[in-house]
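Database features, via Swiss-Prot:
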type: SIGNAL; residues: 1-31; note: signal peptide
type: TOPO_DOM; residues: 32-318; note: topological domain 'Extracellular'
type: DISULFID; residues: Cys39-Cys218; note: disulfide bond
type: BINDING; residues: Ser52, Ser54, Thr118; note: divalent metal cation binding site
type: MOD_RES; residues: Thr147; note: phosphothreonine
type: CARBOHYD; residues: Asn260; note: N-linked glycosylation site
type: TRANSMEM; residues: 319-339; note: transmembrane segment
type: TOPO_DOM; residues: 340-487; note: topological domain 'Cytoplasmic'
Amino acid sequence: MVAGRSRARSPGSWLFPGLWLLAVGGPGSLLQAQEQPSCKKAFDLYFVLDKSGSVANNWIEIYNFVHQLTERFVSPEMRLSFIVFSSQATIILPLTGDRYKIGKGLEDLKAVKPVGETYIHEGLKLANEQIQNAGGLKASSIIIALTDGKLDGLVPSYAENEAKKSRSLGASVYCVGVLDFEQAQLERIADSKDQVFPVKGGFQALKGIINSILAQSCTEILELSPSSVCVGEKFQVVLTGRAVTSISHDGSVLCTFTANSTYTKSEKPVSIQPSSILCPAPVLNKDGETLEVSISYNDGKSAVSRSLTITATECTNGIAAIVAILVLLLLLGAALMWWFWPLCCKVVIKDPPPPPSAPMEEEEEDPLPNKKWPTVDASYYGGRGVGGIKRMEVRWGDKGSTEEGARLEKAKNAVVMVPEEEIPIPSRPPRPRPTHQAPQTKWYTPIKGRLDALWALIMKQYDRVSLMRPQEGDEGRCINFSRVPHQ
């Protein structure tokens, strides 16, 4: 019996496996799983495990390998199945997405007692039966078959036939060989030699190939470009993701386009790179038309990714924008020509400006009063005695008398009288202190100052050009340049 995908899960169904994982792996197991690479794609993953007598002493290593690899596939839509084979094959865990059942299946897998032969084809047969009953192409199917030792007799041939049937059902087959296996046998069972993972270091080295299996098997398409196209335009799409080349080994990759959920067309890719696929796309003829893009392999039997959507939009013609830009440039050129052409074509002749008038010199008033000069009785000058000369007093320094008195000869008995009192010099009153307060500096004051300086510079240059322009009534002539031969 095959269990289907669970649609509703109670909170308890998630709690038990979480506590079980914590108990098995320790407190750091959940944190370590978060730090390691994981796969978020939805898979139907089938583990086909060898439980023959040759692995009896190493079964716990096989169990740990399955347990750790299961933790890396973190999609809530992932479904798992555990199948063991020896002389016969047994389904330990039917295909299910119920996390509670998966936890219970891991416990049952741990309790398996290995014994018997290595009939790997029996395990592949049970996987194919579940794939047929799993619900078509809703999810990709992956088979990971693990065995040790050489396959004897007709077992390799039977296993190859079952693997071909798996691929016809849309599944990918990966093989893990431990110790004394034969590489060529597993390469014929797997999809390609790149999908065979040898573990020659023994069962303890199984955990070392988990990342390699994850990188090969987790094929995801994460991004589509372009997301919108112009109506009626031919284009190609680029789908980027990881592990893209792992599905292109047989050239069966197809790009499927579905227009408006009605018309479907498949195209082979133009090129396949390690992280991208380039596909030709059909033309969209209506505004708002949608195109769903998906990738599949095995001739469309195995879906790689969910559909990504492209939308058609009306695109304006770029010629109109170019014409508008050219018109604006022409208008700007005409305006510049109107402004600068008079400067190039006229020499303005103007009268020189009159010389500036000499500034009027103002006599400085002496705020200090004139000093009193001594008076001299000049009656003794010149006559050398009394008689014939009237008495005359000369005030030195008054109305030119200083120079006149300097020519006189002072008599022997001339009397010089000096006034005792002098007029005091008045002191200037102190200047009053300014009453206005300094303006407060705002946060934008430095910015405003720089902008004002820039604007002043622009206006200064504008005024310089404006002054050079001829005004009404100015006369001149065009400047003509001609080459004069050297004499």
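Using the three backbone atoms N, Cα and C, a Cβ is placed for every residue, glycine included.
This view paints the features noted in Swiss-Prot onto the structure.
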| residue | record | DSSP class |
| --- | --- | --- |
| Cys39 | disulfide bond | strand |
| Ser52 | divalent metal cation binding site | coil |
| Thr118 | divalent metal cation binding site | coil |
| Thr147 | phosphothreonine | strand |
| Cys218 | disulfide bond | coil |
| Asn260 | N-linked glycosylation site | coil |
For Ser52 (divalent metal cation binding site), list the number of other Cβ atoms lying within 10 Å of its Cβ atom.
20
Where's the emptiest Cβ shell within 10 Å among the recorded positions Thr147, Asn260?
Asn260
Relative to the mean position of the Cβ atoms of Ser52, Ser54, Thr118, the recorded divalent metal cation site, which additional same-chain residues have Cβ within 8 Å?
Asp50, Lys51, Gly53, Val55, Ser86, Pro114, Gly116, Glu117, Thr147, Asp148, Gly149
Restricting to the recorded positions Cys39, Cys218, Asn260, which ones have a CA within 10 Å of the CA of Thr147 (phosphothreonine)?
none
Measure the Cβ-based neighbour count of Cys218 (disulfide bond), defined as the other Cβ atoms within 10 Å of its Cβ.
22
Let me know the model's mean pLDDT on the topological domain 'Cytoplasmic' (340-487).
63
Applying a 10 Å Cβ distance cut-off over all chains shown, what neighbour count does Thr118 (divalent metal cation binding site) have?
25
Enumerate same-chain residues with a sequence separation of six or more from Cys39 (disulfide bond) and a Cβ-Cβ distance below 8 A; give 'none' if the list is empty.
Arg72, Phe73, Val74, Ser75, Leu214, Ser217, Cys218, Glu220
For Ser54 (divalent metal cation binding site), list the number of other Cβ atoms lying within 10 Å of its Cβ atom.
19
